[in-house]
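**Q** The domain 'GRAM 1' feature in Swiss-Prot is assigned to 145-212. Residues annotated as domain 'GRAM 2' in Swiss-Prot: 285-353. According to Swiss-Prot, the feature compositional bias 'Basic and acidic residues' maps to 437-447. The compositional bias 'Polar residues' annotation in Swiss-Prot covers 455-466. Sequence annotations record features per position, and here Swiss-Prot assigns site 'Arginine finger' to ARG551.
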Amino acid sequence: MWLKPEEVLLKNALKLWVTQKSSCYFVLQRRRGHGEGGGRLTGRLVGALDAVLDSSARVAPFRILLQVPGSQVYSPIACGATLEEINRHWDWLEQNLLHTLSVFDNKDDIASFVKGKVKALIAEETSSRLAEQEEEPEKFREALVKFEARFNFPEAEKLVTYYSCCCWKGRVPRQGWLYLSINHLCFYSFFLGKELKLVIPWVDIQKLERTSNVFLTDTIRITTQNKERDFSTFLNLDEVFKIMEQLADVTLRRLLDNEVFDLDPDLQEPSQITKRDLEARAQNEFFRAFFRLPREEKLHAVADCSLWTPFSRCHTAGRIFSSDSYICFASREDGCCNVVLPLREVVSIEKMEDTSLLPNPIIVSIRSKMAFQFIELKDRENLVEGLLLRLKQVHANHPVHYETSPSDDDMASPVFYSASICTDKFGDLEMVASQSSEEREEKRPLPHPEPLTAVFQQSGSQSPDSRLSREQIKISLWNDHFVEYGRTVCMFRTEKIRKLVAMGIPESLRGRLWLLFSDAVTDLASHPGYYGNLVEQSLGRCCLVTEEIERDLHRSLPEHPAFQNETGIAALRRVLTAYAHRNPKIGYCQSMNILTSVLLLYAKEEEAFWLLVAVCERMLPDYFNHRVIGAQVDQSVFEELIKEQLPELAEHMSDLSALASISLSWFLTLFLSIMPLESAVHVVDCFFYDGIKAIFQLGLAVLEANAEELCSSKDDGQALMVLSRFLDHIKNEDSPGPPIGSHHAFFSDDQEPYPVTDIADLIRDSYEKFGNQSVEQIEHLRCKHRIRVLQGHEDTTKQNVLRVVIPEVSILPEDLEELYDLFKRAHMMSCYWEHHRPMALRHDPSRPYAEQYRIDARQFAHLFQLVSPWTCGVHTEILAERLFRLLDDNMDQLIEFKAFTSCLDIMYNGEMNEKIKLLYRLHIPPALTENDRDSQSPLKNPLLSTSRPLVLGKPNGDTIDYQKQLKQMIKDLAKEKDKMEKELPKMSQREFIQFCKTLYSMFHEDPEENDLYQAIATVTTLLLQIGEVGQRGSSSGSCSQECEEPQASAPPEQDSVFAEAGKSPQAFPETEGDWTVSLEHILASLLTEQSLVNFFEKPLNIKSKLENAKLNQYSLKVLEMSHPPQAELKLNDL
C-alpha cells in the first residue's frame, strides 16, 4: 500500500534492508532475512528485532523509497507484503511518474511533486477501503495490513477497529493487539519468541460482560462454550465494550435471529460496517427506546441546549434530538422534562436574534398554538437547516389531516385542534385539512366507531357515589394539567404527569391518553383510510393465521359483556386480521387477542389498531413471534434485576429461573391475564407512559410484597400458588365499574379471607422503591441477555437435533456433537464471506430443528474433505459432488445434518456390504450424471485387462477357483435380495469404469497399497469378463449356438455365466451396448479378495479426523476463497 512520505536518514542506519532494484529517483528494498530461509545469522537477528519491536516490516517486508539525487534523505512511499504487490507499485511509478520527473530542474520540486501524487493515491485508497471514516486513517491502514497478514482471512472479512490490550492466560497477561472484525474477535501477541493467535467468532460468544479480578478492577470477559478469556488494560474500556457489544449483537441477530430482525439500512451490507456506524446504531437504539419511536426513525443530530419550561418559569438544561420525523428533548435530570414533537405537527422553525440572555435561540411553533424555545445551541445554523429540510419532506409526503372531535366539556377536549387551510412560513408548503372524521366515516363506515365501554354498559355499573366522586376529581386534575402542560402529543412530560398516571387515568380519558403516550396518534393521523383498506383486503381470507384468530376470539375477556356478543367479537376479529395482513412476519400470536380486546374497550376500532401497532412494533419489540425472543430476553433481564434489587430473596431461592418463568405471562400480557381487569388496565396506563420499565418495577414490587412467603415456599408449585393468590386479590378501589376477575382466578380453601391489595398502592411502591432503572440501563441489560437467549435457542436446537440423530447412527454422542459444530460452522462461514447467497434459504428458525441448518454442495465438499475416511486425492471433490447429489432427495441443492451423518456413519461404522452399496450408488444415477466432469475420461490402466485367467495359482502350488466362490456368494446374496427396500439398477460400463477409478484412488498411500492394487486388478478383470458375457448373451440370436458348446462341456453345477467367463474374451467392444454388472456381482467379487475385505472392514477412528477438522476448517475455506495462503490460520479450541 502507499505510505505517507516521511523523511528518513539512511547514512548511518544499520543494514536492515537489501536493495532489489533502483532507478534515478526510486529504490525498491527487501527486509533482510525475508525469503532467505532463516539460515543466515543477520537475517535471524533482524527478524528477532522486528518481532520484539512489533515492526510493520514483519508483515510488509518490501518497500519503495523516494531518493532525490545528491541527497542523503530518503522517503518511504510504499510498502508491500509480497513481491507481486510491491512490483505493482513500482510499475505504476515507472509508467506514470518516471518520465515526468526528468522535466523538473529543482530537486525540491521533484520531492514535492512525488509526495503530492502519493498523498492523492492514499486518499483514493482510503476512500475505497473505508479508512477515511476512522479518526487516524494512517494508523488504521497499517493495522489493516497487519490484520490481513496475521490472520489471512478472505477479503470479505473487514476490520472494524483495533485496540492495544492484554489477554490473560491464567494469571499471566499477554500484551498484544485486539482486532474486531465484522464476524470475529481476534487477538495477536508475539513476545519472547512465543506467538499467540486467538480467533473467536461472534456467533460463538455466549457471554460478554465487564468483570473484576484479583489483579485488575475492570476487565472484559468473553465466554464461549469451553473457555473464558479476559482482556484488560484498555485506554478507554467503555468505548471498547460498547463496540464489542454492538458487533456481537448485530452479528448474532443477523445470523441467528434473521426471522424478525431487520438491520438498519447503514448495516445491511456487513462488509461496509465501520466503527462510526456501530456508534451511530447504539445512539439510534437509545433514542428510539427512550422516546418509544418507530424502528425506521434515524437520528440525525444531537445537541446540548436548554428549553423554556413555562410551568417552572425557567430554562431547563438538556439535549435536543433531531430525526427523520421528530424533534425531541430530554432534560439532563432524568424525568424532569421530556418533549416529543412530530414534524407533522410543526408549523414553523425560526431563528431568533442572539442576545446575552438568549444565546443562539430557535422557536418551534406547533399547530395547537404552542411554541417551544430552545437556546444555547452551538451549531444552530446546521441544525436549523437540517430541520427545515426534513420538515419540508414530511409535509410533502404526509399532508396533515385534521379531525374535529365535538367535546361536551373541557374534559373531552380534542386531541387535535380543528384548522382550515394553513400556509406555513416556508411559502411553498400547503397543509390541506381533510374532511372531518364524520365525513370520512360516511365514505368508509366502521361498524362501531366508539370504544366498546361506551357501547356496552355493564350491568350493575351504578357505582357508589364515592367512586364517582374520585373519578371526577381525577378528571379535574387532568384538565388542570392539560391547561398548564399541554393536551396534545407535544405536551411537556414531567414527574407530575407520572404521578397522575400512577394514580390511574380516568376511563373517559384513558384511550385518548394511551394514543398520546404511545404516539399512535401520529400514525393514525398520518395514514387516513389505511385501516379501512386493510380490513377490506384481509376479511374473508382463510389461512392458518385466521384459523388461529377464530380459535382465540371467544377466549378474549369472555366475562366482559362487550365480548359476549358478535359486536365486540367482530371488532376484535377485524383488528387482529388487519394487523396480521399488515405484518405477516408477526401475523398473529397468542396473547395478542387479550391485549387487543382491552384496547377496544377504551379506544375506537381504528385507534385500537394503531395502539396494537405501537405495542407490537415499538414498545415490545420481538415479543410477538413464534419464538417470543423479546419476552424471553426481558424475562432474563428480570431475573438479573431480582438479584440486584431483592438480594435476600435471591439468596433464599438459589434458582430464580422458576420466578422468571412465572413472570413470562406478566410481560406477554402486561398482567392482563393474571390480574382482575379493573386493576390490570391501571398497569397498562403506566406501561403506555413509561414503557417496559413499568412492568419490570411492578414485577419487583409484587415479589417484594410476597418475599417472606416465597422464601418459605418448598417448591415451584407453592411459589406459583403464593403469587397467583396475591395477584388475584389486587383490587382497584377507584374503578367506577364492577370488578371483573382475572382469567386465572385462584380459589383458596382458607377459612380466613385473603387481604386485598390496592393497585394504586402497589404501583406507588413500585415507583418509589424500584423506579431508579433508566432506559439506558435496561437497553444495556437487554443487549447482554439477548446473547444468552439466542445462544440458549442454539443449544436447544443442537440438543434436539442430536436426540433425533443419535438413535439412528453408531457414532458416539460426543463425536456427533463435534460433528454438528463443524456442520454449523460450515454454514456460518458461508454467511460470513458469501453475501450473494440467500442466507434465509439455509437458516430458518421456523423449520423443524433437524432442518434449521442446511449446507449446499460447496460447503458439503469442504466438510467431506475434512471428515470423510474415503480420501481419494484429487478425486475426493468429485466423490463429494456425487454423494451430495445422492443425499439431496428433494433436489433443493441443500442437505441437513441428519443426511450428512447417515452417510458418514456408513463410512466409519457400516459393514462391508453397506459401504460397497454406498459406493455403488455413487456411480449410478442420480449421483453420477451424464455431464459428470470426471465421467468422460477413459480409464487407462494396465491392470484393467480382461485377459487374466479366472483360476490363479498360489505360491504353494494350490489354486483359487473364483468361479466356485462367486457362484456360492451370488446365491447367498440372492437370498437376501427380497429383503432389500429397492433393487438397484445395474451399472453400465462407463459407470463401472468410474467405480474402479474411485477404488484405485481410495487405495492410494494405504500401507497395503500394492496388495490392494493387485486384488482390485483381479476383481476388475473378472467383472469386466462377466459384463461382456452378459452383453453377448443379450445380443443377437446368432450367438446362441456358440454358447451351447461350453455349457455342454462344463460341469453340471456350473452355470452358463461362469462357463462363458472361462473363454478368452475379446478386447473392449467399440460401443458399450448392454454391458452391465450388478451390485451382487461386484460385492461377491470383492469378497473373494481378503485384502479388500480387510480394507473395508478395518476399524476407523473418527476422533482424529474431527480434531484435525477443527484446526483446519478455516484454512480450507480461506484457500477455497482464493486468498493467498501466507500462514495457516487455526481456530483456537475455545
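FYI, residue positions are counted from 1 along the chain as it appears here.
Using the three backbone atoms N, Cα and C, a Cβ is placed for every residue, glycine included.
Each of the listed features needs to be described in terms of its position in the shown structure.
**A** Cβ neighbour count for ARG551 (site 'Arginine finger') (all protein chains, 10 Å cutoff from its Cβ): 11. Secondary structure at ARG551 (site 'Arginine finger'), taken from DSSP and collapsed to helix, strand or coil, is helix.
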**Q** What are the DSSP helix/strand/coil residue counts across the domain 'GRAM 2' (285-353)?
**A** 10 helix, 38 strand, 21 coil
**Q** Helix, strand, coil residue numbers for the domain 'GRAM 1' (145-212) per DSSP?
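**A** Each residue of the domain 'GRAM 1' (145-212) counted once, the result is 10 helix, 42 strand, 16 coil.
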